[in-house]
Amino acid sequence: MGCAPSIHVSQSGVIYCRDSDESNSPHQTTTISQGTATLHGLFIKTDAADSIPSVILVGFSCLSPDSNNLDRRTAKQTLSGSVKEWRRENIVSLKKASTTEVQIGPMRLTQDPIQVLLIFAKEDNQSDGFWWACDRAGYRCNIARTPESALECFLDKHQEIIVIDHRNSRYFDAEDICRSIRATKPSEHTVILAVVPRTSADQEETSVLPLLNAGFNRQFMENSSITACYNELVQIEHGEVRSQFKLRACNAVFMALDHCQEAIEITSEDHVIQYVNPAFERMMGYHKGELIGKELTELPKSDKNCADLLDTINTFIKKGKEWQGVYYARRKSGDSIQQHVKITPVIGQGGKIRHFVSLKRLHCTNENNKQLYKSHRDEKYTGDNSQSESHSFKCKNRRKDSTDVKSIASQSSDAPSLQTRRYSSMARIHSMTIEAPITKVINIINAAQENSPITVAEALDRVLEILRTTELYSPQLGTKDEDPHTSDLVGGLMTDGLRRLSGNEYVFSKNTNLSHSHLSVPNSISDVPPCIAQLLDNEESWDFNIFELEAVTNKRPLVYLGLKVFARFGVSEFLSCSEATLRAWLQVIEANYHSSNSYHNSTHAADVLHATAFFLGKERVKGSLDHLDEVAALIAATIHDVDHPGRTNSFLCNAGSELAVLYNDTAVLESHHTALAFQLTTKDSKCNIFKNIDRNHYRTLRQAIIDMVLATEMTKHFEHVNKFVNSINKPMASEETSLHSEGSDCECTANIKNFPDNQTLIKRMMIKCADVANPCRPLELCIEWAGRISEEYFAQTDEEKRQGLPVVMPVFDRNTCSIPKSQISFIDYFITDMFDAWDAFAHLPVLMQHLANNYKHWKTLDELKCKSLRLPSENNN
């Protein structure tokens with residue numbers, strides 16, 4: 001008791017006090033005061049957070065509160081010096097506890113500092129040894145005294161290493177604790193160590209099997225030496241813990257494989273199937289449970305392959321070489337499909353081949369696609385085949401020298417078919433039959449390129465490049481067939497009429513000062529009434545209900561939705577205009593939509609704006625366009641039908657309206673929408689959203705907006721779709737096939753960005769799809785839109801009869817028209833091919849599922865001979 005104790009501060013900040021008299025017990029406790037903190041017992045909390053850590057271990061033998069061996073001044077000086085020492089050493093400790101980089105194949109991982117849980121009922125030399133070993137290694141350490149606290153601590157911290165005292169069963173059952181921890185999900189990657197008592201020289205060492213059966217990974221023979229404990233922990237870190245960390249990272253790889261669009265199969269060196277991803281299951285028609293564990297030789301083979309093809313493949317891969325080429329595979333249904341296959345050997349331990357990885361894509365041929373569709377249809381249907389087949393011929397001969405690309409919507413609306421639809425959309429791009437003459441020419445040239453010398457192929461590439469930039473894409477429309485709905489619809493939307501009667505002139509009123517309601521307009525997006533704000537919280541969803549917004553805003557949805565969407569895309573920031581200017585502009589634009597129109601009103605504009613914003617959020621669209629393109633698209637969607645009179649271009653031309661005369665009967669309404677929108681914008685500085693951007697940006701933006709609005713004119717519908725398919729879909733599909741899995745999406749979108757003409761085609765296609773997306777909305781919205789557009793066409797037919805004008809669409813007579821038939825015709829002729837192409841580019845499974853459901857709904861009504869649908873305002877059921 002006559003010697004003063006020494007105070008040591010470790011690198012981890014633990015204060016350890018020990019008397020210089022080593023013969024005394026080192027585990028007595030006492031109280032030391034330092035500043036405002038009181039340090040008492042074995043574990044002490046302190047509020048001196050700047051100088052000492054929060055958990056402090058104090059152990060010494062001879063110091064008591066009344067002892068004269070160390071006066072207060074000496075204790076204060078010694079403790080102060082120890083804190084300074086901790087501050088110097090703490091830098092080393094932080095480095096020791098820093099993260100570690102681990103490499104697994106090409107994947108670089110960052111491992112956090114190791115966490116250790118010590119489960120000891122009582123403190124002794126062994127627990128101290130592991131505590132100080134953790135301190136030396138820079139590990140984060142926790143101690144638990146009871147089974148309950150141990151399990152609670154593990155579920156909170158998920159320690160990588162757990163050390164359980166297995167020397168004495170008086171306090172707890174170590175094996176029971178181990179089992180309870182192993183029963184939890186986080187313990188899958190945890191190493192559990194059992195501390196067992198040391199055996200004497202004359203005792204036989206016990207078996208480790210009971211420990212392994214209980215869930216332990218290792219045993220540690222009792223040894224309180226800090227170095228022995230340190231060596232054990234470090235070996236575990238660099239062995240089991242590091243291996244488990246790498247295994248955890250494999251979960252991310254399997255997640256990527258499961259969501260990959262390519263079919264992937266992994267086999268052993270003996271060609272036993274070890275893994276297939278969901279895309280493989282969909283392509284081949286098997287469930288993974290039917291494949292895993294089977295040898296490839298057990299599966300049926302297609303007889304369409306060359307006799308020596310398998311020998312050639314095996315020769316390549318057994319030498320460790322990669323093989324790729326076209327291969328016929330037999331699906332579970334018995335159909336043969338042609339695949340583009342890439343087989344890569346994986347070299348493992350000892351330089352031997354341990355696995356084979358096969359990547360498989362559908363080889364795009366017309367025959368192949370038909371087989372896939374047929375197989376999918378046969379699997380989904382048992383009794384409806386005749387109905388599906390009859391529909392496949394429904395639309396033949398509607399376009400001269402072409403056959404209809406059958407809509408998958410007529411086959412199925414089941415959720416499991418979504419991914420097959422996605423594959424179908426991609427696969428059909430190479431066989432789409434929107435056969436304008438120029439399309440035939442391009443297909444012939446593409447076929448000729450495959451077997452041509454390199455110089456000829458390059459020359460043909462140049463020919464294709466020229467052809468794709470000319471106006472040669474409009475299809476040749478056939479004569480009227482037996483379906484009057486399709487004939488009238490196409491005639492009304494695809495022609496300018498030009499059957500004008502002399503003396504008749506149609507003039508519609510200017511709508512520049514319309515007043516919609518007394519609802520106050522918000523000063524900013526943050527000033528929106530709660531009921532409207534709550535609706536707008538869901539505006540990023542495709543199923544957003546625009547009619548609910550129309551109701552709560554008193555038919556002024558465009559201002560409110562516009563403020564929200566434009567803020568999300570940073571339009572004000574791009575244009576350098578204030579939110580007040582943007583609000584005023586939206587008010588002016590919405591005021592010039594005719595609320596008296598049943599369809600072409602500001603609700604339709606808001607709906608198209610919503611669809612455009614949704615498409616801009618898709619990854620491939622976002623990666624293909626610049627910020628200027630996004631702003632142009634949103635503005636174009638907002639103005640695309642401003643001051644629409646509720647009549648078609650054909651009606652205006654036949655009526656000799658002043659607009660038809662002004663625009664020479666060409667794209668009359670679309671030209672008027674853009675011209676008026678720019679006039680309204682620039683005539684008043686308070687709503688001029690373009691006033692602060694430079695001239696070059698304005699010209700580029702203006703041109704993009706005009707181009708997009710003009711693209712909504714239906715006379716050039718097939719021209720735009722053809723260009724998109726031939727210049728975007730087909731090259732992208734070919735590029736993805738050649739690049740396989742090596743970052744094809746990034747490279748494809750990068751290539752699109754390098755060609756402004758391609759960006760223009762994407763913007764045109766986007767606003768076209770947004771403009772006529774009603775059949776792809778949820779069923780209740782689709783029905784409402786169908787009723788509204790039909791009512792507008794009925795009103796036009798009524799007026800044509802009153803004025804003695806040619807009836808552009810005779811089938812839209814309110815007394816005889818079948819709305820279901822008109823919707824079926826519209827989907828068959830305009831929607832299916834266009835949305836297949838857009839889905840192949842943007843990936844839109846939700847839309848395509850709605851389209852299938854809605855088509856089925858209209859077919860059912862048509863079979864019931866239901867000629868018309870009442871509007872929801874007339875029928876609440």
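The backbone N, Cα and C atoms fix where each Cβ goes, and this holds for glycine too.
What TrEMBL records for 256-299 is domain 'PAS'. For the domain 'PAS' (256-299), the number of residues in each DSSP class (helix H, G, I; strand E, B; coil) is 17 helix, 12 strand, 15 coil.
Positions annotated as region 'Disordered' by TrEMBL: 370-421.
Here TrEMBL flags 408-421 as compositional bias 'Polar residues'.
Positions annotated as domain 'PDEase' by TrEMBL: 524-865. Confidence in the domain 'PDEase' (524-865), given as mean pLDDT, stands at 92.
The AMP binding site annotation in TrEMBL covers HIS600, ASN601, SER602, THR603, HIS604, ASP641, ASP771, GLN823. Cβ contacts within 10 Å of ASP771 (AMP binding site), excluding its own Cβ and spanning all protein chains shown: 22.
Among the features that TrEMBL reports, active site, proton donor is placed at HIS600. Non-local contacts of HIS600 (AMP binding site) by the CB criterion (under 8 A, 6+ apart in sequence, same chain) comprise TYR593, HIS594, ASP641, HIS644, GLY646, GLU792.
Per TrEMBL, Zn(2+) 1 binding site is recorded for HIS604, HIS640, ASP641, ASP771.
For ASP641 (AMP binding site), the count of additional Cβ atoms within 10 Å of its Cβ stands at 25 [all protein chains shown]. According to TrEMBL, the Zn(2+) 2 binding site annotation covers ASP641.
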Please find which two of HIS600, ASN601, SER602, THR603, HIS604, ASP641, ASP771, GLN823 have the most distant C-alpha atoms, given that the record lists them as binding AMP, and give only that distance in angstrom, rounded to a whole number.
22
Distance [Cα-Cα, Å, rounded] between HIS640 (Zn(2+) 1 binding site) and ASP771 (AMP binding site):
9
For each of ASN601, SER602, count the other CB atoms within 10 A of its CB; which of these binding-site residues has the top count?
SER602
Cβ-centroid neighbours of Zn(2+) 1 site HIS604, HIS640, ASP641, ASP771, 8 Å, sequence order:
HIS600, ALA605, VAL608, ALA637, HIS644, THR712
Under 8 Å by Cβ from THR603 (AMP binding site), same chain, sequence gap 6 or more:
ILE546, PHE547, GLU550, LYS555, PRO557, LEU558
